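Enquirer: Sending over a structure as structure tokens; questions will come in a sec.
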Amino acid sequence: MPDLRLAIPAAALWVCCGVGVGAAAVMPALAAVAGVAAVVTLSVAALRSCGGLRRRGHGGASTRPRAILPASAVSIALAAVALGAVSVATAAPARSTPALEAAAREHQQVEVALRVEGSPKRSAPGLDGSEHWRLRGTTVGGSAAGVPVSVIVPADLRTVRAITLGSVIALTASVRPNDPGEATTFTLRGTTSLTIREPPPPWLAWPAPVRSAFAEASARTPGDGGDLLPGLAIGDEAAVTADLDAAMKASALSHLTAVSGANCALVTGLVFLLARVAGLGRRSRIVAAATALGAFVVLVGPGASVIRAAAMASVVLLGLARGRVADGLPALALAVVVLLVHDPWLARDYGFALSVLATTGLLVLARPLALALGRWLPRGVALALAVPLAAQLACQPVLILLTPTLPLFGVPANLVAEPAAPVATVLGCLACLVLPWAPALGEVVVWLAWLPSAWIAAVARFSAGLPGAALPWPDGLVGVGLCALVLVAVALLAARSRLPRPVGSTAAIALVGGTTVYAGVLGGLGVGAALGRPGDWVYAACDVGQGDALLLRDDGHVGLIDVGRRPQPVADCLDTLGVARLDWVLLTHFDADHVGGADAVLGRTGRAFVGQADRPADTALLTRLAAAGIAVEQIHAGAAGALGRLRWRVVWPPPPGLGETALSGNAGSLVLRTDGAGVDALFLGDLGEHEQDLLLRTGALGAVEVVKVSHHGSADQSAALYEGIHARLGLVSVGDDNGYGHPTARALDLLARSGTAAARTDRSGMLLVSPGPDGPRLWAERDDPGAAAAAGGPLYPLYGRGGTWRHEATAGAVHEVGRPARPRRAPSRSSPGTRSARRRSSWCPAPRGSSQTGPRGCCATASSRRTRAWRSATSRRRTTRRGSCSPSRAPPCSGSPGSSGWTRSRRPGTRSSPICSTTWPPRPTARSSSCGTPAGCAARSCSTRSAPGPAEVSRSSAPSSRRTPRSTTSPRPSSRPPGARSPRARCGR
């Protein structure tokens, strides 16, 4: 059983910190209450234990630990809560400053300097498509010093690589306060380019050239392997593209680029081994391993998972220095306690939580799962499957909060890809060390490390591209609770050999039943959505978050207007609708929320229409499209074409006049007018109010039935245009909680006054529009009760009411496991008994005249060829005897697990079934040489050593393995009259 002595207080401390960082004001009071409660609990238990000792004298000494140990556990947990509350209460006041609070309240920009405390992470691109990076640091200088902040700055990759741990940067930024429970107090969004004010100290400066040289060498290798290699080796994910990152997450391989325990174990273990080969002593080996661990942490950056792994490795090294081998779970718990006391805000860090949970899963679940799988699989295969399965099960409840999906092929992908990860890590770290001194040799090592890196990337892309790679799951606390129930069921099923049979059976039934229900719901959702979607849809608004992606279709021809911010949502939309090939892609303008997902269409189309490109990032995108074999054509008003019967033409922007500059950005958005196929529509891109008025004056619009509302429903709209086109349906492509307030109240009000019903992707998901006899018909992926309530009912007929299938259990459906167990009936003359009662494995009636049952009324198990063991119902002690047909007095017994197939013994303190007792009178016995033979039994000349009585059994808890030496004393005559029948055992439940 795992050692939970430190795990329980660590869990209590984690809960206290997780709750306390959001309510720091009440932490001093909580610390006082928890501290007093801990002292009182321990004192009361100690007094009760001492009182029992005085009353019972020497005989009560064995009850003292039983009385004080539970109270000690509760007291330690309360002390951990008090410690966490004190840590939060002392750290909270220093995390804010009046200067930054005033700037956030008054929406002012401030000049700030901060010391970088982590590696830069790629952030969402800006509206102009420029690269943005997120940094974490602490402010320095002035009255605002010492405040943890998060900074989002525009910068290119070269500038970002120059920012290292410990350097001081300066910039001008706007200030936004964060929630109290977040790791940083404020988020600063840079409005100017940053400058490096101070270099890092020498002991932190050395990784910069090493990381830079390794990144440049990796960039010279082809494909995804070169982009992924720095992340596998040193946790540098700057070169990982958005689509590769999405594939790694969908295949449950993203943990390979997060430096954690496996990397630290490889580094320390390798250095320890090399030091041993060099002939160093134990202390020198420990010092060398600790030094290498510290250098590795500085090289990769102090992320949450890195700090957790380093702290746990330090605990293990400290134990080795003291001549002890630290167990995994106590070492992990101690590391968690130390880190949470140092920084309580780690309790809400997803990276820290995933690292701890994955390690816990490996320590607690991996072995039971391997043993369970080993019943059907070879031992090596079972262990290889158990390791990723244990980590995935432990982490999944937290992963649901990030992405409410289940990676169906996560375990197989890990099984195939994980063997390559240590090779890439070791070779990558070796290349980091060699490149500064021998560049040519370092290049060779980089190419060797590229091979396993490319393999991992290929596995990720292949797994993510399989059908059903990401299965839907409920989000929020409901999804977390369901995942936790699955985790508990799997854990009970894996450990069912140590648990009572009903527990394991219940877990198995629940797991199989839950899986069946989940598969049925998935099948119902898939079939229902496929049957509910109209087959004659003409326009589709994909749910891609805060961005645009709209499809036009007729007679098998499909066009796509914009591609959203990220590739994966667009690809999912195309796959859902069964669109494998696009006739063309039209990019209205080059903002990131319209062109960021361009990778999703690579290989799906051979033609692209674009507007004016006037920035380097725009040109780079066009170059990438051309390199993928896509013919790029710049168009303006007057361009036209057809998709089957659906005719389209561009009505904005006008071509530039002689000497004029073409419109770009929102003002230069390509606007399409379509007709035919039963539904006329207008797609406005991100056109502003002024440009909408100019477009209306051209007279090229006319009335339409569907309009794509401009700029995600911003306030920059022309009332005259919407009243002029008199559309019946307005599609608003917008993301939930987008931070811009889209769609605005003004835009929704304007649509209502124009008689246009608004359908929003943030509430209704994917939207499909098809022709109908009385106008366009709208299909929504999910219902929007707010829209229906605002309009007094449904606005348009919905096919199958969207895709919202609900699985409701009937009132009479009761789970079989939840019913109370029927009492078992033993066989009798009038009834054969309950079926399970007739089975030898579940009923122990103690047959008469047989030495196979042990003492009369007790169930025996074979502990060796000639001995049998019985276990008392009142004690854990075993009594081992030679087989005999003339038993002596014995305590009530229950069967012990063994090879004979009789009833399994239950946990101490739980009732065994059945409990059997005998009424044999006490009499001394002796052993003869004929004991155990049929002849001796027939003559009743053999006997066994007397079994201990109930009082003797209760005073001893250690199993007895000694055998009583044979006695030469002649057997005494039996006290029972000749021919008297043996008393029958009284057995009951």
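The backbone N, Cα and C atoms fix where each Cβ goes, glycine too.
Found this in TrEMBL, in case it helps:
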- 28-47: transmembrane segment (TRANSMEM)
- 68-92: transmembrane segment (TRANSMEM)
- 252-274: transmembrane segment (TRANSMEM)
- 286-311: transmembrane segment (TRANSMEM)
- 350-369: transmembrane segment (TRANSMEM)
- 381-400: transmembrane segment (TRANSMEM)
- 420-438: transmembrane segment (TRANSMEM)
- 445-464: transmembrane segment (TRANSMEM)
- 476-495: transmembrane segment (TRANSMEM)
- 507-531: transmembrane segment (TRANSMEM)
- 546-736: domain 'Metallo-beta-lactamase' (DOMAIN)
- 763-786: region 'Disordered' (REGION)
- 813-989: region 'Disordered' (REGION)
- 865-881: compositional bias 'Basic residues' (COMPBIAS)
- 882-903: compositional bias 'Low complexity' (COMPBIAS)
- 915-932: compositional bias 'Polar residues' (COMPBIAS)
- 954-982: compositional bias 'Low complexity' (COMPBIAS)
Enquirer: Verify whether three or more Cβ pairs under 8 angstroms connect the transmembrane segment (381-400) with the transmembrane segment (476-495), leaving out any pair fewer than 6 apart in sequence.
Expert: yes
Enquirer: Under 8 Å for C-beta pairs, could you tell me which stretch among 28-47, 252-274, 286-311, 381-400 has the largest tally with the transmembrane segment (420-438)?
Expert: 252-274
Enquirer: Based on Cβ pairs under 8 Å, which of the stretches 28-47, 68-92, 252-274 lies most in contact with the transmembrane segment (350-369)?
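Expert: Selected stretch: 252-274, with the most Cβ pairs under 8 Å.
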Enquirer: Counting only pairs at least 6 apart in sequence, do the transmembrane segment (68-92) and the transmembrane segment (28-47) share 3+ Cβ pairs under 8 Å?
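Expert: Contact criterion met.
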Enquirer: Quick test of the contact rule: Cβ under 8 Å, at least six residues beyond the ends. What residues does that give for the transmembrane segment (445-464)?
Expert: 214, 217-218, 220-221, 223-229, 232-233, 244, 246-248, 250-251, 253, 256, 409-410, 412-413, 416-417, 420-421, 423-424, 427-428, 430-431, 434-435
Enquirer: Please count the residues of the region 'Disordered' (763-786) that DSSP assigns to helix (H, G, I), strand (E, B) and coil.
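Expert: Per-class counts: 4 helix, 8 strand, 12 coil.
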